[in-house]
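Quick notes on the structure that follows.
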Amino acid sequence: MRWSSPTSSSLSLVALLLVAHVDAAERATSPPVHPSPPMKGAGVWSAAYASAKELVSQMTLEEMVNITGGFATTENVCAGNTGTVPRLGWPGLCLHDAGNGVRATDLVSAYPSGLHVGASWDKNLTYERGLYMGKEFKAKGVNVLLGPNAGALGRVPVAGRNWEGFTIDPYLSGILNAESIVGHQEAGVIATTKHFIGNEQELYRRPYFGVEAVSSNIDDKTVHELYMWPFMDSVKAGAASAMCSYQRVNNTYACMNSKLMNGLLKGELEFEGFIMLDWNAVHTVDSAEAGLDMVMPRGNWGTNLTAAINNGTTSKERLVDMATRIVAAWYFVGQDGDKFPKPGVGMYNLTQPHTPVEARVSESKPIIMEGAVAGHVLLKNEKNALPLKKPKMLSVYGYDATVPRTKNTDVLFTLGYYSSAEMAQAVLGTEQHFDQAAKGGTIISGGRAGANGPPYISDPLSAIQHRAADDDTWVNWDLDSGNPDVNSGSDACLVFINAIATEGWDRDGLHDDFSDGLVLNVASKCENTIVVIHNAGVRLVDQWVDHPNVTALVMAHLPGQDSGAALVKLLYGEEYFSGKLPYTIPHNESDYGHVYRSCAHDRAQDDKDPQCDFTEGVYIDYRDFDARNVTPRFEFGFGLGYTTFEFSELSIETSENLTAGVGSGSIWDHVAIVHATIKNNGSADGAEVAQLYLGIPNSPPKQLRGFEKVALSPGVSAPVRFELTRRDFSIWDVVAQKWVVQEGSYSVHVGASSRDIRLSDDIKI
């Protein structure tokens, strides 16, 4: 695979494209794209740009350099702090994680993690989560929230950071990333869309021990139609910062890759914010001309950048643009003047004397609970196992039913997530083999930088016992044994297991023998066995899901602080299940083909240059399963509830602008509207996620292009409406270097999942 060399530095060159299949001996390459496009201050950015331009014009060269790099400080524990310019009232920026709340501090909330949000398929809840989480970051003096996560998208099912993102699907990811960004920035903090781009595994994500970081070799069509798709939505939503990724893309490090930063992000997408690197990912000062605006931490960056400008290697205009983009983001979200707390004001060392800063607000509590409820997915429910109806006796089994033994000052909230003691000493990004179950206690998020410490953990057993006290239910439990005794009087046996994932290492598999054995052992003794899995990604269930005594299965994902309480509401029918899978669950690992394992997992000792060819193109997850006619165990978009729904009255309106070719308008123009009616034809309240899939010529059989979640009482109907843009119908033309609508027939499918299609029609273009 190779990006051919450009004939000039123009951003619109036809030469800047990849050939999908070439001789294996050839190396993928990224062409240089220069100069770095300066900020234009267009549209909604105009006022912020004008203010930033005025402020930066008063800065010296040293002051501009100072705000482009991170400094160590004892004043706070922010992940990064930029330099300040006190004489001009520039206070600097505090940059900090995490994906489910402010980490390394106290008096904050632990929101549901990204994957849990993806399973909710709920746009409004995603926005509300983003808003209230953003307010907590602001209260702590965090200027830049290092999220949300649009990459890893999830190409490799065992990848360690898939849980930080929302879903494997680029359309769903784009919508939820955009909702999060709008919420964060309306709260007054700068959102960061990350990691740009191709950061699809943890193994060899950075250079270690003389081995280069893995190179994600991706063709131009796949970049646009799959991996860059959610970043397009993020930029359109106004993301004020972006983070480049650790690994190489087409054999150039992403944070030095001018094709990615200058050509795609700042050029094609017209990104107006600033680009920062992932921590310690800088390689040389040439990154500045490649489009990088901020370095964390600084190291020798400031000295080298100043020297490069003085000797003409880097232009002063590039430095001015770097500083302007950073300051403009500050103005853009309203952090100037007295509108924002002192940077890092609530980010103190927890072991040192400090004045507590309360970040939580009462208005967020129902949002956190609703979010926890909404991301649970019911996959099996037979023999009327659920909802529970005042059982006389419940038996609870499994290590995941209770809290970890410690919650103290752990800044990464590892707790039970360290499935092996050795994990604490292992080098991130290296090949390791850890237990796939975190047996130290229930998991409410994945591990490391994407996780924060919760104010409390509502664990399943405690929540069940609280309900049992009201119902006079007798509760048995055994949380340690792999083959526990079962009281024959149990109305139901609940088995709690988990599947952990964490930044730094990819998973060793998609199931573990101990947990599977526990389920089978309980099911052999209990006729009503209900399995609940807290999972940080895909978890195989074929080992036991067809056992006649396994009556119900819940994918509980990563619900945050209200985990147990939310689950009990669902188990007892106080709330209804409405989540849908944001990924496919296969029968076996082999169903994935070559993308099951991380690239270079079998690297030879003398191979210092690991390569990862994305030869599958856009065919991942359900797109791939559909194309190869592989039947999954549970398909993308699947989820049961306590009622059923009927779909009817499909109709399609098309605009005169829906024509073949490049088109005269924007790719964001609405060119079609699809209507349908959803009716609750069951006997209980519920919510259905109506999903729209397009069959685009010369593409995967179905691609998600719309979804609407509608709550209905029994017997009630409601219309759903899907507005489709020109981009939704387009493919990326690698010759024209434009989004193009092809001539042909486009199938339109509306249904309850990617395989449960209820209504279909065609659009001819």
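Every residue, even glycine, has its Cβ placed from backbone N, Cα and C.
The annotation N-linked glycosylation site is assigned in Swiss-Prot to ASN66, ASN124, ASN250, ASN304, ASN311, ASN349, ASN549, ASN588, ASN657, ASN681. According to Swiss-Prot, the signal peptide annotation covers 1-24.
On the structure: features taken from Swiss-Prot.
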| residue | record | DSSP (3 states) |
| --- | --- | --- |
| ASN66 | N-linked glycosylation site | helix |
| ASN124 | N-linked glycosylation site | helix |
| ASN250 | N-linked glycosylation site | coil |
| ASN304 | N-linked glycosylation site | helix |
| ASN311 | N-linked glycosylation site | coil |
| ASN349 | N-linked glycosylation site | coil |
| ASN549 | N-linked glycosylation site | coil |
| ASN588 | N-linked glycosylation site | coil |
| ASN657 | N-linked glycosylation site | coil |
| ASN681 | N-linked glycosylation site | coil |
| query | By a simple count of other Cβ atoms within 10 Å, which of ASN66, ASN124, ASN311, ASN588, the glycosylation sites in the record, is least packed? | reply | ASN311
| note | Among ASN66, ASN124, ASN250, ASN588, ASN681, i.e. the glycosylation sites, the one with its Cα nearest that of ASN349 (N-linked glycosylation site) is ASN66
| note | Quick note, ASN588 (N-linked glycosylation site) and ASN311 (N-linked glycosylation site): C-alpha atoms separated, nearest Å, by 58
| message | Just to be sure I understand the packing, how many Cβ atoms besides its own are within 10 Å of the Cβ of ASN657 (N-linked glycosylation site)? | response | 15
| Between the glycosylation sites ASN66, ASN124, ASN304, ASN549, ASN657, which lies closest to ASN681 (N-linked glycosylation site), Cα to Cα? | ASN124
| Of all the glycosylation sites here, ASN250, ASN349, ASN549, which one's CB has the most other CB atoms within 10 A? | ASN250
| Between the glycosylation sites ASN304, ASN681, where is the Cβ count within 10 Å the lowest? | ASN681
| request: May I ask which of the glycosylation sites ASN124, ASN250, ASN304, ASN311, ASN657 is closest to ASN66 (N-linked glycosylation site) if we compare their C-alpha atoms? | output: ASN304
| field | Nearest-integer angstrom distance between the alpha carbons (Cα) of ASN124 (N-linked glycosylation site) and ASN657 (N-linked glycosylation site) | value | 30
